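Engineer: This structure is in structure tokens; I'll ask about it shortly.
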Amino acid sequence: MLKFLKQVGDYAKEAVQAGRYIGQGLSVTFDHMRRRPVTVQYPYEKLIPGERFRGRIHYEFDKCIACEVCVRVCPINLPVVDWEFDKATKKKKLNHYSIDFGVCIFCGNCVEYCPTNCLSMTEEYELATYDRHELNYDSVALGRLPYKVTDDPMVTPLRELVYLPKGVLDPHDLPANAPRPGARPEDLVEKTEA
């Protein structure tokens, strides 16, 4: 009988220990459930890139003088400039200009050193395609006006992705009425005024 009671006691101890382990695991789960999400609902919410963001390059064909400075300063000699010398005007005539964004490292040297400012960086960063050859933009594709996140009525532009305010190291120290991630400054002002 003592052996049976010892087995029951050991079983009870193991059951309590198993319950503690499960409780520890669930405490971590519940701890994360109380935290605020850090995600952005991407197709419908997009972060507005910073002022100096280096996105897709915009090209103005009329300003280009075919000097090929962009090719010389590019670390990978990426822009392809095709020109011919016009004997009548004694100037270079630009025939074709293209950049392959599948290879481009978006360093911005071409934009910085262009003497006529025909190249500029845009805030467009959605360059995904199914075929890498579609990333080779010619002068027509480069000349398209850049897409702006703030102009799309179907997208909620987010100024910044807010998770923890400055100085806060533990997410559990935040008050319940703290701003959610991606809150726009206008929304924050409305909440503080209310």
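Positions of Cβ are set from backbone N, Cα and C atoms, glycine also.
Okay, so Swiss-Prot annotates it like this:
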{"type": "BINDING", "residues": "C64, C67, C70, C114", "note": "[4Fe-4S] cluster 1 binding site"}
{"type": "BINDING", "residues": "C74, C104, C107, C110", "note": "[4Fe-4S] cluster 2 binding site"}
{"type": "COMPBIAS", "residues": "183-194", "note": "compositional bias 'Basic and acidic residues'"}
{"type": "DOMAIN", "residues": "55-84", "note": "domain '4Fe-4S ferredoxin-type 1'"}
{"type": "DOMAIN", "residues": "95-124", "note": "domain '4Fe-4S ferredoxin-type 2'"}
{"type": "REGION", "residues": "173-194", "note": "region 'Disordered'"}
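Give me the lay of the land around each of these features.
Structural biologist: When Cβ atoms from all protein chains are considered, those within 10 Å of C70 ([4Fe-4S] cluster 1 binding site) total 25, not counting its own. DSSP assigns C70 ([4Fe-4S] cluster 1 binding site) to a helix in the three-state reduction.
According to DSSP, C110 ([4Fe-4S] cluster 2 binding site) sits within a helical segment. C110 ([4Fe-4S] cluster 2 binding site) is surrounded by 22 other CB atoms, counting those within 10 A of its CB over all protein chains shown.
Sequence-distant contacts of the domain '4Fe-4S ferredoxin-type 1' (55-84) (same chain, six or more residues past either end, CB-CB distance under 8 Å): 49, 91-101, 103-107, 109-125, 127, 137, 139, 142-146.
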Engineer: Among the binding-site residues C64, C67, C104, C114, which residue has the fewest other Cβ atoms within 10 Å of its own Cβ?
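Structural biologist: Result for the binding-site residues C64, C67, C104, C114: minimum number of other Cβ atoms within 10 Å at C67.
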Engineer: Write out, in the order they occur in the sequence, the residues of the chain not among C74, C104, C107, C110 that have a C-beta within 8 Å of the mean position of the C-beta atoms of the recorded [4Fe-4S] cluster 2 site.
Structural biologist: I57, C70, V73, P75, I76, L78, P79, I99, I105, F106, G108, N109
Engineer: So which one is it: of the binding-site residues C74, C107, which has the fewest other Cβ atoms within 10 Å?
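Structural biologist: Relative to the other binding-site residues in C74, C107, C107 has the fewest Cβ atoms within 10 Å.
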Engineer: Quick check: with C64, C67, C70, C114 left out, which same-chain residues have Cβ atoms within 8 Å of the centroid of the [4Fe-4S] cluster 1 site Cβ atoms?
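Structural biologist: Neighbours within 8 Å of the Cβ centroid, excluding C64, C67, C70, C114: I65, A66, E68, V69, V81, C110, P115, T116, C118, L119.
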